[in-house]
Amino acid sequence: MLLIFCFLGLVLIDAAALPKGVPHTIDKYRPVQSNQYRCYVSDELIDFSFVNDDFCDCLDGTDEPGTAACAGSPSVAAFWHAHGEEAAFSSTFYCPQKGSKPKVVPASEVNDGVCDCCDGSDEWQGLTPCKNTCWDEGALFRQRKQQIEQGIARRERFVKEGHTVLASVKAELEKEKATLPQHEATLKELEKEEDELKRLEAEKKAKERKKEEEGESQEQQQPLQSEEEALPPVSNVEPATQAEEPSPSPPTLPPAPASPPVQQDDDLDALDDDEVPTDCHEWGEDGKCHDKDHEHDEDEEGLIGEEDEMDEDEYYEEGEDREWEDSRRRAEGSPENATGALGWLRQWRVVRWLMSIGTKVKEQVKDTATRLTASKPRTELDKIRTKVSDTRHHVTEAKKKIDHLEKKAKDLESKPEYAHLYHKCVETNSDGYVYEVCFFKDAHQKKDHHSTNLGRRWKWDISTGNLDEDVMLLEGGQSCWNGPARSLKVRFVCGIEEKLQNVSEPSRCVYEVNMMSPAACRPHHLDEFKFLGDSSQQQHDEL
């Protein structure tokens, strides 16, 4: 028991030895050299009992941290002014406020009858009783401290998960890099096979084309030969008659005069104008016009009238004349009989035209047949082409994937705790605009279906020199009118909920925003809450 009382006595003496209004971490208020106090700046030695005796003994006023004796003292103010500093240290009072955050109040407010400190330490003379409300006021600090502790724990989990993601990305990257040469080799072989099939098909088409051209040449020659063989000679109109007996010789006709005979003037005068033949086809030796058409008419009438009176000899004689006349007309291509030599030629021209149409139809049929017979090699070529296209697409996609994985690995290498935010987009509303940030990608400012790019190239900003502060800089946004390209600085702040807040534009087209995230929580963020200590029990002390 004696030892316990001695220990408590030492504690009380030590606590009592520390002057009021002084931070408990400041060692300058410890007694030195036979219970003396050395003034903090003026370096004077006074008896420690003079500290907080409500009288200003030091030139710098540091001996009265718990009273208002040195507050507003002209001599103290002159001393600090001479040293180029404000007399703040000697004119303030430190409130410990256990359970809450300590604070400093003006020294003039000490023992003024008003409770300025939540623990009532500023009214230490007891003139005014003060209730200790520090525990209630410290609730927000304790809550914030708890959030930071949770954030630190989540950040540690994010770091582990980020390393796992990074390892997976690197493994996938190595796999893609290893398989890419195989795909490229396969593509090369398929392209060779495709080229070979193309060559074979081209050769086959050339052979087929040559064969078709030769066939067409033969087909074109055959109709001409057939025409020549089938065309009856002009001197032989009736092949059947020629085979039985020679064609009769045409009778000797009197030579036709080159022009009608010139009559005497008397004879011409004796003729009336209407009696002069103007459309004569043939002139006779007698100077008269012998119209063939009328002669034929008369012959036809005579033949019809005398048909029954002809004997057998006259019939055959007339038949021979008719046969000779028909042959002559056929040779001359008379329109009265289309079976002449020229008529035969016209008929064969029609036949040849029909045969040319048939040749075209035949060519189309052959072309269709060729395509049908060539369906197998075409199918093989189509299959190879499909394989080449698919493999080429696969190689292209593999290269894109490799580029993406390389960039992602580089992005997450330095700060894996932000892997869960990779290409994740977060929005916030501010001043009528919607701000969207897609991490590791880009940022936009939106309003009324219009979007303005604030940055498309990102990097970690280390210009601040604070390695414990994470700042992502997005640059290369849409240019301002007569200004720079827009940019956005995202400052990560320790917080449980991940959200954007406090959008600002410190300079033209340069934007800043805070991003709360557990990934930004670090142990040093707890330093500002050391004053809380182990405040697990509520204080209800009253002074």
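Every residue gets a Cβ built from N, Cα and C, even glycine.
Annotations in TrEMBL come from automatic prediction, not curation.
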Which range of 136-163, 360-387, 388-415 is coiled coil, per TrEMBL: 388-415
As a test of reading the model: what is the averaged pLDDT for the domain 'MRH' (423-523)? 93
According to DSSP, how is the compositional bias 'Basic and acidic residues' (203-213) divided among helix, strand and coil residues? 11 helix, 0 strand, 0 coil
Taking DSSP H, G, I as helix and E, B as strand, the domain 'MRH' (423-523) contains 4 helix, 62 strand, 35 coil
